[in-house]
Amino acid sequence: MTATQPSPAPEAPARRPAPSTRTVKAVRTAGGLSLRIEPRAALSALLLLAVILAVSVVLIGSGDFPIAPADVVATLLGNGTAAQEFVVQHLRMPRVLVAILVGAALGISGAVFQSVSRNPLGSPDVIGFGQGATVGALTVIVLFQGSAADVAGGAAVGGLVTGAAIYLLAWKRGVHGFRLVLIGIGVAAILTAVIHYLLTMAKLEDATRAVVWMTGSLDGRDWAEFRPLLNVCAVLIPLVLALGRPLRMLEMGDDAAYALGVRVERTRIVLMASAVVLVSVAAAAAGPITFVALSAPQLARRLTRSPGPGLGASALMGAALLLVADWTASNAFGERELPVGVVTGVVGGVYLLWLLVTERKAGRI
Amino acid sequence: MLVESPPQTSAEPIAAAQPSRRNSIRALGLFAAVGVLLLICVLSIMVGAKEVPLGEVWHGLFQNDGTGNDVIIRDLRVPRTLLGLLVGIALGLSGAVMQALTRNPLAEPGLLGVNAGASAAVVTAISFFGVTSITGYVWFAFLGAAVVSVAVYVLGGSRGATPVRLALAGTAATAALYGYVNAVQLLDAAALDRIRFWTVGSLATANMETVRNVTPFIVAGVVLALLICRPLNAMELGEDTARALGADLNRTRVLAMLAVTLLCGAATAACGPIVFIGLMVPYLVRAITGPDMRWILPYAAVLSPVLLLGSDVLGRVVTRPSELQVGIVTALVGGPVFIHLVRRKRMAQL
């Protein structure tokens, strides 16, 4: 909207009248560069970062071998005992880092899909991508009894193939949000049948393993899962963030975006492909964790109160959500450690009800 | 309920130029469909892990004297076929009623989460309340189906609804409910072993007791659906027109939801969630009969079991000697139909 004009945004022909309390600041350098900063959004991002750091420290400290938060920080800075060093470096650190990256990947790809489909329910786990990854992983588990790495590979391939199939099926002189969502729902139904078929033909122990995988779990994640995830995220998250502004223009409709100089179809395909890859690698690392991609962008939007997809805040919110869910799953039920997916699923169901009620009042769904 | 308004009846001859001729063609088509249904029923009794020749089908049905094939027919194939018949009718009619009620060609109990609601309730019954017989958990299924159908209709289907909104509301509800079902399975390994076959949607475990238990509910649902086809016709013209034609909107909505709940709840309790029957059949039927619910409902009631039993027979044949559950076959067949429907229709029509 304000591609060329810095602060304060003139009354663009936007739907909502610009609230008087809203301040958008612009930082300008001597070289003629300028950067728009929304104080509330920046503050929210800092807050989320603080939450992520704090919960990470608590998560690293909790378990069968408890470590006090101060000791955790000391160990991370290289001043811990050998035992603490071992537990932190080899057992708990990778799990927390995987949780952060998976949460960020889910949050940002949820924001992309919700923005492209222009619907707060158009998240990748509702419109078929999660099911694609599950089919890939279950094929490996049930038919080939593969190792954990094979299962991850199967999930990634399944997610990517499904993403390509949905895009091609929804293509008809361009991809429109409504068709993408409906085709995705149809594909999801077919894939669910395939998942059920694989579950019924499995031996009981394979079926149990498959159900655990389908729920989504962070148990026993180590550096081997972390590195490929980090590589993909390091490339794609900045790419998606860089396309945040064209994406925001796309929300105004293809014609308006085109008039403002956005290459509509190319931007959309790059964004969607990146989002699909992010969802697939996240599923490969931790299983198809539901509802993080659905809820993180909406929660982030309410926190920052900024218009547009809010990609960065969604990524931070996704990471924070998953960390809190993981802490809850491993500590809130006494001795019994639940997979993190159970917690996100239950929270997601409640969140969904709330979303349906409030968004329906506003007429946005 | 049955609006006996003189203006409507007197308007009919003007609307349809040759109503008697068109109606006789439709009636003829319905007879043909019944013929196909009988054929499929016989096929369903013949085909399976052990083939039964046609002559012995007759023998087994009417002169049962306890030979091997007679036992197979009496104890396995006949209950399975009857259950397929009942469940097919239930799913087809509930799909047609939902489509009329929401004025949305994509409305379908499987897609809108009604079956998932019934599933979640049944899984709760099995795992937490130790209910093991269908007489016990059919009530849970009704409760789940009723809650979800009302919730999805209210949240996604009433005023200003679009098909996308309705479908998304249903799918998201389904995702949440299956997440819950998965969690229960995870915590209760014994339940997993029982539930994982039931959640697929299968006719394989059918027996006469199940058939007897769900029959009254499905019959009640069918009668209810047939009774409201006139007001549903009126509602398809839009709320204002329907009110002007003398239809009681709220009563029709309540009765339609009740019919959907009875039909879907009973069908799901009997054989697990089965998707897409309620989507495909009314869509195909509409192409034959046009938009009149008084013809759509009977056609759907005859053709839905044809599709369901046909899928079941197909599932018994393709992966011999094991079987593909009917819920999987209907999803694999129905998914592409759904995608075709989405691609073909223009947004304005949806």
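Positions of Cβ are set from backbone N, Cα and C atoms, glycine also.
Looking at the stretches B:81-98, B:171-188, B:189-206, the one that TrEMBL records under the feature transmembrane segment is B:81-98.
Looking at which of B:81-98, B:214-234, B:254-284, B:324-342 has the most CB pairs under 8 Å to the transmembrane segment (B:110-131), the answer is the stretch B:254-284. Among residues of the same chain six or more beyond the transmembrane segment (B:324-342), those with a C-beta under 8 A of the stretch's C-beta atoms are 84, 105-106, 111, 197, 200-204, 271-277, 279-280, 283, 307-308, 311-312, 314-316, 318, 350. Counting same-chain residues at least six beyond the ends of the transmembrane segment (B:214-234), those with a Cβ under 8 angstroms from any Cβ of the stretch are 1-3, 83, 86-87, 89-90, 93-94, 96-97, 100-101, 134, 138, 142, 241-242, 245-248, 251-252, 255-256, 258-260, 262-263, 265-267, 269-270, 291-294, 296-297, 301.
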